Amino acid sequence: MNPFQKNESKETLFSPVSTEEMLPGPPSPPKKSTPKLFGSSYPLSIAFIVVNEFCERFSYYGMKAVLTLYFLYFLHWNEDTSTSVYHAFSSLCYFTPILGAAIADSWLGKFKTIIYLSLVYVLGHVFKSLGAIPILGGKMLHTILSLVGLSLIALGTGGIKPCVAAFGGDQFEEEHAEARTRYFSVFYLSINAGSLISTFITPMLRGDVKCFGEDCYALAFGIPGLLMVLALVVFAMGSKMYRKPPPEGNIVAQVTKCIWFAICNRFRNRSEDIPKRQHWLDWAAEKYPKHLIMDVKALTRILFLYIPLPMFWALLDQQGSRWTLQANKMDGDLGFFVLQPDQMQVLNPFLVLVFIPLFDLVIYRLISKCGVNFSSLRKMAVGMILACLAFAVAALVEIKINGMIHPQPASQEIFLQVLNLADGEIEVTVQGNRNNPLLVESISSFQNTTHYSKLRLETKSQDLHFHLKYNNLSVHNEYSVEEKNCYQLVVHENGESLSSMLVKDTGIKPANGMTAIRFINTLHKDMNISLDANAPLSVGKDYGVSEYRTVQRGKYPAVHCETEDNVFSLNLGQLDFGTTYLFVITNITNRGLQAWKAEDIPANKLSIAWQLPQYVLVTAAEVMFSVTGLEFSYSQAPSSMKSVLQAAWLLTVAVGNIIVLIVAQFSGLVQWAEFVLFSCLLLVVCLIFSVMGYYYVPLKSEGIHEATEKQIPHIQGNMINLETKNTRL
């Protein structure tokens, strides 16, 4: 996550509401001297702002890290709906900064805007946490509380986004420009620290702590909510130390009105008798000053280059949705640590901290020494290509995962597994209505196999005839089956005879890295088995079959079991990621219950570490595209237009999330094909952007009405420097 994108307040390092960038307004009151931090040139008030930002980023990213799995496993939405709502929320977080900037510029000022919208932010966390308490109402109430909470959070985080960093910049005197430069570096580090820590911790709160016998989403949302309360309290504590510039007018609104007036005026004066004007924006000259029109002209040249950018964000922001769902189907055991699927996102902020200085101090300098003109637009194009490669790698990983997933029966098909609990080998023959053998198989006693036989039906539902041979016994049974289901035929001795029962199997690999288990009780007593904080699992006597129960991956050496007159312990051993187990309780010994363990569906075998290459590629793409993009944009835009440019940049991110939302709902593609689609779309967009960049003529500083010398952002490692220099590409 870099200082400009992927985080909602990272983009505010050059704020749309900076007082330095506004058109001339009413004179500001003289700035008062503020106490310094430990005798330095830093205002003491900066400490409150930096701590506030750390807590707010912890709050936002901590909540967002577990959001997709909350939709999937708490609200029980499907993957497409979960992805769509996730990106709709992300998109809303990028639309609301325009509202926050307008409120701060035109009405309340930055300080009051941060305070009031932080209260809205906290209220959103309250609703979100209440919507994650299982005993509070039903699914409808949980959904309503969650959506209301997310809407308030989007308004809060987006609204304060364009204000916090700029408000910190307002605290410095003009003669302390170097200290202000270091402030932006510290501010950026606080953002990534909050993101890094929260993305690692909140999945642990969700998965390792149990609430009401389930994953503790209420705690995973509640702790970020408390951090937002802390952020608000800390920020308010510094109130008397802050410099609070008054609102000076909304430049975004002025630019919008100027463009709209020019368009309307042009259409009102379409007569051939009226002389044409050199540029379509010149039609605003009747109402707006020349310097504003010149600035808007410079702005539109850059906005034209922004047209292809949303597709890049469409790929980048899927780390928290589609890539988390992919990690959900992989083996998180790294040997020294078990990684939760939603913890993989922690790689992004960690790699950003490594890559920004690496690229700036090593890679870019080496390329420069080779005599290659690696311009800003070329860096952005290479960033797009790296994102394409990241999704191509993600597609390959998805294909590999699909090859390991247990297949599902198609139309007019069933899968059948025979489980032999007798003392010797049995022969099974399955026949259809036409007495044609669908299956002939010999099964050893207690044979552990994950093999399912595929049987073709004549209709959607059908009666099948089972012929069992055991020693000198021959038994015939008839069972009804339905298409697209998996079944287990359980065969066992019954005195001197042979009995069987057909049990419907789940046939589906447990999601979220969970383990699914069920029991067959061969004893003559009913049994209750306590696996977790939920109600005990009941298993009837004499080959009773329990329901499936999903539990966390791990070791279960002493599971509590009860009959009506005794208590036992049962060692289940290691239960692995994504596995379905059957335990057949066979007898009682001095050491407790004895059970035979069968693996019906094998574990997730592909390590989650295989996602590392795609995360490395997409983070490198983010550093090259996002950091460079704003550096280029700000070097090419007049200072009065930087706020509008910031709003436009955020809008490209919002549109990118909308693209993902649309594709998730309407593409109908399998996941690996969707990854390939996004990769190909971005490749096409990259070619278009490259052509646009080839014909782009850098704007000379002399071509702007402003002075030749101006402040433009310069990125140096993870430092954000405001240097005075000529505007050159």
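Including glycine, each Cβ sits where the backbone N, Cα and C put it.
Topologically, per Swiss-Prot, K110 is found on the other side of the membrane from E562. What Swiss-Prot records as N-linked glycosylation site, among N373, N528, is residue N528. Of the listed residues (T12, T450, T459, T708), Swiss-Prot tags T12 with phosphothreonine; the rest carry no such note in the record, though that does not show they lack it.
Swiss-Prot gives the label phosphoserine to one of S9, S33, S271, S321, namely S9. Remote same-chain residues near the topological domain 'Cytoplasmic' (365-380) are listed as 305, 624-625, 628-629, 631-632, 635, 689-690, 693, 696, 729 (criterion: CB distance under 8 Å, separation of at least six residues from the stretch ends). Listed by sequence, the residues of this chain that lie at least six past the ends of the topological domain 'Cytoplasmic' (109-113) yet keep a Cβ under 8 A from its Cβ atoms are 17, 100, 103, 159-160, 163, 166-167, 170, 239, 242, 244-247. Cα distances from N448 (N-linked glycosylation site) to the glycosylation sites N472, N528, N587 are smallest for N587. Look at the topological domain 'Cytoplasmic' (239-295): DSSP puts its residues at 32 helix, 0 strand, 25 coil. Within the same chain, residues at least 6 positions away in sequence whose Cβ sits under 8 Å from that of N528 (N-linked glycosylation site) are P536, L537, S538, V539, C561, E562, T563. Ranking the glycosylation sites N448, N472, N587 by other CB atoms within 10 A of the CB puts N472 at the bottom.
Predicted-model confidence for the topological domain 'Cytoplasmic' (239-295) is 86, expressed as mean pLDDT.
The topological domain 'Cytoplasmic' (109-113): residue composition by secondary structure is 5 helix, 0 strand, 0 coil, according to DSSP.
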